[in-house]
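Annotated in Swiss-Prot:
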- Glu90: active site, proton acceptor (ACT_SITE)
- 96-326: domain 'Radical SAM core' (DOMAIN)
- Cys103-Cys331: disulfide bond (DISULFID)
- Cys110, Cys114, Cys117: [4Fe-4S] cluster binding site (BINDING)
- Gly157, Glu158, Ser189, Ser212, Leu213, His214, Asn288: S-adenosyl-L-methionine binding site (BINDING)
- Cys331: active site, S-methylcysteine intermediate (ACT_SITE)
Amino acid sequence: MKRLIKDFTFDELKKWVEETGEKPFRANQIFEWLYKKNATDVNSFTNIPTQLRKRIEEEFILNSLRVVKYESDGESIKFLLELVDGNAIESVFLPYKYGNAICISTQVGCRMKCAFCASTIGGMIRNLSAGEMVDQIVNIENITKKKISNVVLMGSGEPFDNIENVFKFIDIINSKEGKNIGARHITISTVGIVDGIYKLSEYPKQVNLAISLHAPNNNLRNKLVPMNRKYSIEDILKAVDYYISKTNRRVTFEYALIDGVNDSIECANELAKILSGKLVHVNLIPVNPVNGRNFKKPPKERVKEFYNVLILSGIQVTIRRELGSSIAAACGQLRSRHYNISEK
């Protein structure tokens, strides 16, 4: 069975090259074709000996994805990507003034069961490999003809539910031989898997941490984010404090504002109270409507009122620029709509 070549770190590929009897520098050349030139056809590896190219073709898959469809709202572009086994994932290309970002998936489906998220529709199918995550970047760079400088692991799936592959993915794209994307330009978003936060605290690369909080108290969060029954807000905040003490990195708390659910002034005051004095940033996200879920975004005036409460409490906060509601840009919507995936 062929292996995906992008599942290999540089050191792993160098070892494979040496085992074939070739010189180690061939690994540098192969990585240059894969990551600097985004080549997906071994026949384009013109400086690689024919015999080694043949060996690569026999043993490896160079591209694990194909684009099924994409939609654009004039700025962001949402991609539906099919894997070799027929499963599908989504990625979003996001152009900003500071550079181009990509929001990638880490799993096919998700088992976190967040109430407002389309990724959970149909349940969890499988983890993505490191190479399947890398291929989201390579394919979208090839299509858009734009270099990606920022990576957010905030698509379908829970990154800390696939932590070993996620760390390997980061090692590959951060390496100078690979994509050479700076660690501080990579963000992991989690619903609050406490074990993962502690592991990230010890991880040698200074990637960013974002917590999908969405509620200021356990009673409400238990309903919106069922994983809260295992990892409470208190557990998450304790882990975040440890992460900050180890890394001195500011943590982002994502808060999806849902009309009539978690957008009251009382909720804003509660949120300000639990985050006060911490090295954090709050990202307010007016929720995208999801088919089959009765959630809608609050009026702009209420979003601004919520924002003002946090600002007056001394908390750093932004309202996320709304991208992609017309293209079903929230996690999992394009996949569930295209394949008519329903709740399990």
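Including glycine, each Cβ sits where the backbone N, Cα and C put it.
Taking the features listed in Swiss-Prot, we show where each one sits on the structure.
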residue: Cys103; record: disulfide bond; Cβ within 10 Å: 25
residue: Cys110; record: [4Fe-4S] cluster binding site; Cβ within 10 Å: 26
residue: Cys117; record: [4Fe-4S] cluster binding site; Cβ within 10 Å: 26
residue: Gly157; record: S-adenosyl-L-methionine binding site; Cβ within 10 Å: 30
residue: Glu158; record: S-adenosyl-L-methionine binding site; Cβ within 10 Å: 27
residue: Ser189; record: S-adenosyl-L-methionine binding site; Cβ within 10 Å: 22
residue: Ser212; record: S-adenosyl-L-methionine binding site; Cβ within 10 Å: 23
residue: Leu213; record: S-adenosyl-L-methionine binding site; Cβ within 10 Å: 27
residue: His214; record: S-adenosyl-L-methionine binding site; Cβ within 10 Å: 26
residue: Asn288; record: S-adenosyl-L-methionine binding site; Cβ within 10 Å: 22
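Within the model, the domain 'Radical SAM core' (96-326) shows a mean pLDDT value of 95, rounded to a whole number. A gap of 22 Å separates the Cα atoms of His214 (S-adenosyl-L-methionine binding site) and the residue listed as 'active site, proton acceptor'. On its own chain, Cys114 ([4Fe-4S] cluster binding site) has Thr120, Val191, Ser212, His214, Leu224, Val225, Pro226 as residues at least 6 apart in sequence with a Cβ closer than 8 Å to its own Cβ. For the recorded positions Glu90, Cys103, Cys110, Cys117, a Cα to Cα distance of within 10 angstroms from Asn288 (S-adenosyl-L-methionine binding site) holds for Cys117. Of all Cβ atoms in the protein chains displayed, 28 besides its own lie within 10 Å of the Cβ of the residue listed as 'active site, proton acceptor'. Farthest C-alpha pair in the S-adenosyl-L-methionine-binding residues Gly157, Glu158, Ser189, Ser212, Leu213, His214, Asn288: 19 Å apart. Looking only at Cα atoms, Cys117 ([4Fe-4S] cluster binding site) sits nearest to Gly157 among the recorded positions Glu90, Cys103, Gly157.
Among the binding-site residues listed (Glu158, Ser189, Leu213), Glu158 has its Cα nearest to the Cα of Cys110 ([4Fe-4S] cluster binding site). In sequence order, the binding-site residues near the residue listed as 'active site, proton acceptor' (Cα within 10 Å of its Cα) amount to none of Glu158, Ser189, Leu213. According to its DSSP assignment, Leu213 (S-adenosyl-L-methionine binding site) is coil. Counting in whole angstrom, Leu213 (S-adenosyl-L-methionine binding site) lies 18 from Cys103 (disulfide bond) by their C-alpha atoms.
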